[in-house]
Amino acid sequence: LLPDPVFEAGKTYVYKYEALLLAGLLEKGSARAGLNISSKVSINAIDQNTYFIKLEEPELQEYSGIWPEDPFIPATELTSALQAELTTPIKFEYVNGAVGKVFAPETVSTTVLNIYRGILNVFQLNIKKTQNVYELQEAGTQGVCKTLYSITEDTEAERVYLRKTRDMNHCQERITKDMGLAYTEKCGKCQEDTKNLKGVSSYSYIMKPLDNGIQIKEASVHELIQFSPFSEQHGAAHMETKQSLMLLEVQTPPYAPTTPPPLAQYPHRGNLTYQFSTELLQLPILLLNISDIESQLEDTLNHLVKQAVGKVHEDAPLEFLKFVQLLRAASNETLENLWSKHSGSSAHRKWIMDAIPAVGNPDALRFIKEKYLAETITVFEAVQALITSFHMVTATTEAIEVIESLSKESSIARNPVLRQIVFLGYGTMIYKHCYERTSCPAKLIQPIQDLLAQALKDGNTEDIILFVKALGNAAHPSSLKTITKMLPLHSKLGSSLPVRVHAEAMMALRNIAKKEPKTVQYLAFQLYGDKTLHAEIRMLACMVLFETKPSMSLVSAVVHIVKTDTNLQVASFTYSHMKSLTWSTSVIYASVAAACKAGLRMLGPNLDKLSSRFSKAIHVDVYNSPFMLGAAATAYYINDAATIMPKSITSRIKAFFAGAAADILEVGVRTGALQEAFLKNPAVFDSADRVTRMKHVIKALSHWKSAPNSKPLTSIYVKCFGQELILGNNDADTFGRDVFKALQSGPTWRFVKPLLANEVRRIMPTIAGFPMELGLYTAAVAAVRVKVTTTPALPEDFYLRYLLKADIYITTKVTPSAAVNTFAVFGINTAILQAVMVSRAKLYSIAPAKTEVTFNINEGYLNFTALPVSVPENITAVEVETFAVVRNPVSGESITPVIPANPRQILISNNTSSDAANESRSAEFISQRQKAGRHIKSKMVKSKKKYCAQTVNAGLKACLKIATAHTGDAAVYKLAGKHSAVFSVIPSKNLEKCFF
């Protein structure tokens with residue numbers, strides 16, 4: 001029978017503690033980033049089951065170099081800055097080998113307290129008295145995970161050897177924080193053979209039995225977290241953590257803190273479980289030493305404005321990220337001061353309005369709301385800021401309350417565009433809030449359901465559609481019943497609503513189907529099988545049905561319906577959909593593809609002969625299982641009349657990456673009155689002559705514009721990541737006029753748009769109490785200058801038929817430029833220290849163009865002329881580089897490229913401490929660096945290629961230069977190399993014009 005670990009009263013236990021954390025590729029001779037902590041740890045009892053733990057003589061060391069040749073560099077300045085916090089005693093409960101509550105003064109930050117938790121985690125032991133080998137779910141710093149114990153006792157040596165292994169992939173409660181992943185779907189099929197993220201830790205103890213318990217003499221811990229975007233055979237990045245504890249002495253009299261604070265100053269700060277802190281808002285790409293935040297914001301903003309003059313600067317995305325990070329650290333008062341000072345400058349205020357949504361907290365939403373209600377920002381600025389905010393701001397209950405209050409404002413209700421965006425965003429925030437929650441309160445969606453009920457009562461079709469779309473964005477299971485009532489099933493309400501409402505209700509079920517696939521599947525099948533319904537509703541039901549990946553039996557039931565269906569539109573749509581799914585080679589659609597193949601054999605080829613006037617569905621996908629990478633494109637062409645003009649067109653792009661799937665983009669168009677206008681003029685489709693057909697099109701649109709019709713010409717929606725962003729209608733009052741009116745004055749536009757396009761993060765603690773982050777960030781800055789001249793000038797009250805009578809000349813000069821930075825990050829990220837592997841992809845492009853378009857519809861000609869313009873040497877350049885970087889806000893950063901420019905110079909330091917500089921001068925260090933350089937050079941694989949093509953008629957020569965360097969054959973090693981691609985276009989000196 002083994003007793004529990006004890007710390008005897010009246011004694012102080014002094015241990016030597018060391019923790020090593022390294023991020024990088026596991027192979028020796030590759031670049032890694034990390035840190036090392038060494039200290040003495042003193043533990044003593046203050047009363048029964050309550051103890052003090054304190055670090056003594058802590059020392060931090062940083063690492064950025066080639067492992068294991070390069071040495072650690074002492075972080076002397078950082079250690080001094082954290083000395084007071086690190087050496088503050090922490091109080092904890094310890095009963096029967098289990099760590100309980102943790103108490104600490106408020107002066108100890110959560111980051112430092114987590115370091116203490118990492119030490120206490122080593123002492124967490126659940127020893128069973130009567131078993132030597134057993135398994136349990138054990139609580140620890142990283143959550144409650146499956147742990148296997150093995151105990152061996154050596155009675156002669158008076159030692160007990162205990163080993164335990166913790167599997168991080170089988171946890172009852174895993175401590176992680178996901179950001180930016182709400183729009184992704186877990187792909188179970190992709191993860192069947194291998195998992196992208198794995199973690200395991202092993203503990204080894206040597207203990208000595210005592211009369212009243214057992215004493216821990218030595219402990220060593222080894223944890224390995226592995227991540228790969230591909231399957232394992234293609235390599236992986238690793239986060240390796242090692243801890244060691246060795247008992248140095250047991251002292252008497254008892255240890256006491258140097259300045260023991262009163263017990264009242266030790267509030268309860270949680271338990272052994274890791275707590276998230278400032279790392280949630282800390283970008284791992286940079287670590288700023290914020291001393292005077294107002295002046296730093298001022299300098300960064302002025303720098304961004306200065307860089308945006310003319311073409312975009314290649315470093316603008318990184319500078320924009322710096323601005324965002326400063327805003328995240330700024331108080332509301334600081335932000336207000338910045339706005340008050342620069343809101344009068346259009347250039348400055350644009351950068352502020354584009355950066356605010358990326359701050360990502362409810363204060364950002366509140367700022368936009370207050371500024372719009374105070375009428376200090378325009379509708380256009382509010383639209384841009386709100387759309388971005390709904391996708392960047394963390395969906396807390398506070399943020400949802402801000403949006404709910406905004407939706408009730410009268411100024412929002414008066415503006416149809418803003419009203420649509422706010423309610424669609426309202427649904428999006430609820431969707432994000434409920435992501436991965438097993439239960440999400442129905443009260444969140446109740447305000448939208450109440451508004452929908454009122455719109456149904458009033459018979460307001462546009463409001464009904466808007467609120468249905470909001471419910472579709474929210475995808476809350478409790479709204480399924482509400483949406484079902486509006487479908488033409490058994491309810492009187494559903495049958496009385498127009499077809500357009502039925503169609504939108506059907507589309508709203510798609511996001512809910514991701515959570516309740518079976519319920520939506522049977523509902524869609526029921527609608528599809530009802531041959532009395534409108535053909536469009538049945539085709540949409542078919543679309544939703546196949547998105548739920550139906551079983552073989554359900555596909556067979558669909559085939560049986562098609563065999564006896566007299567509606568060729570529905571039959572054509574179903575057949576083409578099934579046929580395109582049979583082409584799928586992806587494991588994701590394997591079961592559906594197999595079912596559809598069997599179904600097509602039962603149907604036969606007759607439906608394959610129907611023309612393009614009948615509805616179609618097309619699905620194309622590609623998927624590489626070893627690389628876990630793929631894409632799918634789907635298009636739906638829905639028609640209900642015998643013309644080539646469809647009722648609606650929907651296209652969607654889906655991506656598969658690293659075991660997850662996401663709907664990247666979806667665009668849908670309903671032709672509405674446009675189809676009716678062409679049906680009233682059948683000559684539009686019957687004319688074989690191109691010029692005659694164009695005349696009939698203009699004539700049909702002119703007749704439509706003069707008719708008293710309030711029905712929209714077309715309506716369009718755009719979805720990004722499965723969430724509808726905006727809904728737009730073209731009606732009789734606005735069609736075409738805004739565009740042509742803009743051309744009347746020969747406008748010049750200057751547009752600059754910065755964007756934090758992507759911030760996907762998974763943060764999880766290591767056993768040492770430091771947060772490890774997997775992150776993918778994309779920042780972009782685009783600018784375009786457009787000069788348009790129209791000859792002759794269009795009259796103020798022109799009609800479309802005016803275009804039939806005139807020669808129109810439109811000259812356009814466009815100067816677009818863009819800079820995009822994407823960072824893939826893996827490693828330790830805190831507000832006091834970062835040790836990460838970073839793969840950075842930089843794209844810079846500038847492609848000026850000058851064109852002239854001449855057309856005369858009556859004469860039947862259209863000329864497009866490309867005019868010569870000066871172009872830069874390289875139109876587009878892409879660079880990809882991976883490096884190990886360690887940085888802290890006190891002494892700067894140290895960077896080690898995986899593929900150095902000069903293999904003899906492995907370590908590149910910027911603003912490093914004087915200790916590092918002295919160390920680098922030592923002969924031993926220089927020798928180690930040269931050895932590492934020779935090792936990398938021997939493994940390095942380089943390749944340079946150049947492809948050129950020349951068009952004699954156009955007088956242009958285009959070249960693509962590609963250079964790559966990597967140190968291994970596995971995909972991860974190739975990806976972590978250094979790559980570049982440059983595209984250039986050289987015009988002929990004698991080229992004057994190029995006609996098309």
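The backbone N, Cα and C atoms fix where each Cβ goes, and this holds for glycine too.
No curator has checked TrEMBL annotations; they are predicted automatically.
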> Going by TrEMBL, which one of Cys145, Cys190, Cys434 is joined to Cys171 by a disulfide bond?
Replying inline: Cys145
> Between Cys187 (disulfide bond) and Cys171 (disulfide bond), what C-alpha distance do you get in Å?
Replying inline: 19
> What number of additional C-beta atoms lies within 10 angstroms of the C-beta atom of Cys187 (disulfide bond)?
Replying inline: 21
> If you draw a 10 Å sphere around the Cβ of Cys171 (disulfide bond), how many other Cβ atoms fall inside it, taking every protein chain shown into account?
Replying inline: 18
>> Limited to the domain 'Vitellogenin' (7-649), I'd like the whole-number average of pLDDT.
In response: 90
> With every protein chain in view, how many other Cβ atoms are within 10 Å of the Cβ of Cys145 (disulfide bond)?
Replying inline: 23
